[in-house]
Amino acid sequence: MVKKKRLHSDNELISLSWPIFVELFLRVIIGNINVLMISKYSESAVAAVGASNQILNLTVFIFGFVSVGTQIIIAQLIGAKRRERIQSVITTSLTAALVLGFLISAIFIFFSTYFLQWMQLSPELVEIGASYLKIFGGGMFLTSLTTTMIAIMRSHGFTKPALLVPLFASIIAVIGNFFALYGPFGLPVFGVAGMAVSSIVGNSVGLVIAIYLLHRHVRYRISFTNFKDFSFKNLKSVLSYGLPSSGEALSYQAAQVVVTTIVATLGQDALVAKSYVNAITQFVSLAAASLSQGTQIMIGRHVGAGEIDRAYHRGIRSVKIGVILSVVITFLIWLFITPIMGIFTSSLTVLLIAKQVFLVDIFLEAGRAVNMILVGALNASGDVKYPLICSIIVLWIISLPFSYLLAIKFGLGLVGVWLAYAIDEILRSLLMLYRWKSDIWKSKFKLSD
């Protein structure tokens, strides 16, 4: 009986997670195609766009203040069989996402150059990156709305239809990037600015598709009359989960931006190597990331229904699956790193750096898998402050100083940065395991009226 329940739980997890995996895979593969296309255009552009994307990635977690909180609240409401409140939660979340999106877009339009200068980029890279960041960043309100709509569909279990949004947006962006960078058929070359425009067009199409899917599957039609359902009480509930949950991820990403400034002082080879390594390591974390989101939805429903023991065992089993997958994938990449890196660059210096980094990455990814899954699980259960506090303390007091010491003072370069990453992930994973195995998180859930 226990094995049957476990199998059913695993099947449900797979059903929720595989479409998320494909969606994330699409995002990463498109990102890597972009890096590959840019590398054939200009290695300076690779470094500039790579640094710009570090900043743009921060917005994903800022938008998570709304989208992550929305996903958790709706999953809990479904588990508690209180669907009548969901309409108001959706209206409130979409309104908040729109306001937040416009604010972030305005910041990028006016302050892109300052951000890149702060990251210690050369004047040449600042000029290239700013043209990309202003245009792409100026359209982030599209991403804010789309991200929240996808979260709403996921929380209802519609992870498969949500795939269509990034699929069409990505295809349009890649086609546009090809025309922008290479100017086929005698067309003018627009460079990285043209790439940004094609991404805006792709995201616009993605938003239209998301609006249609939201109406078709969730039965929610966007209309001005819906604003009567806006509730500050619901906004408070969403943010009470979203702020700490995404705050933890935002803290991590912000630390990566600081690390990029450290790597920038090591020279362009190290910065280019980091861009390529980041592009590849994103593939490694896909399994854990998709399992994390699938697990979060399931645990949100379990705690909403009062099934605490089922939530606990689901979390532990997901961790085991995630760690095994992550370690195996990373080890295989390390074995075949030479032909993989050969796709991106012919520089022997960059290749040597990457090979050393990926050996360390095997240990890093094991810790990262635990963190991704258990942080999502703790957030879904209502224990949102603990992961945030651990992230801030370990990242900013331990990991960042170690990055500087190992990379600069001890002369280990990018390998030193990755060693610091590994220390951070492993230490935080131990803290998350301790918390999940304790009974403290079980008393944190509270679904307000």
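Each residue's number is its place along the chain shown, starting with 1.
Here the Cβ of each residue, glycine as well, is placed from N, Cα and C on the backbone.
TrEMBL: automatically predicted annotations, no manual curation.
Under the heading transmembrane segment, TrEMBL lists 20-38, 58-78, 90-111, 131-152, 164-183, 189-214, 319-337, 384-404, 410-434.
Panel annotation: around the transmembrane segment (410-434), residues 259, 262-263, 266, 270, 273-274, 277, 319, 353, 356-357, 360-361, 363-368, 370-371, 374-375, 378, 387, 390-391, 394-395, 398-400, 402-403 of the same chain, lying at least six beyond its termini, place a Cβ under 8 Å from a Cβ of the stretch. Below 8 angstroms of C-beta separation, residues 45-46, 49-50, 53, 150, 154, 159, 162-163, 165-167, 170, 173-174, 177-178, 181-182, 192, 195, 275-276, 279-280, 282-283, 286-287, 289-290, 293-294, 343-344 of the same chain, each at least six residues beyond the ends of the transmembrane segment (20-38), sit close to that stretch.
Cβ atoms under 8 Å from those of the transmembrane segment (58-78) belong to residues 85-86, 89-90, 93, 96-97, 100-101, 104, 137, 140, 143-144, 147-148, 150-152, 154-156, 234, 237-243, 245-247, 249-250, 253-254, 257, 296-297, 300-301, 303-304, 379-380, 445, 447 of the same chain, restricted to positions at least 6 beyond its ends.
Counting same-chain residues at least six beyond the ends of the transmembrane segment (319-337), those with a Cβ under 8 angstroms from any Cβ of the stretch are 280, 283-285, 287-288, 291-292, 351, 354-355, 358-359, 361-362, 365-366, 368-370, 372-374, 433.
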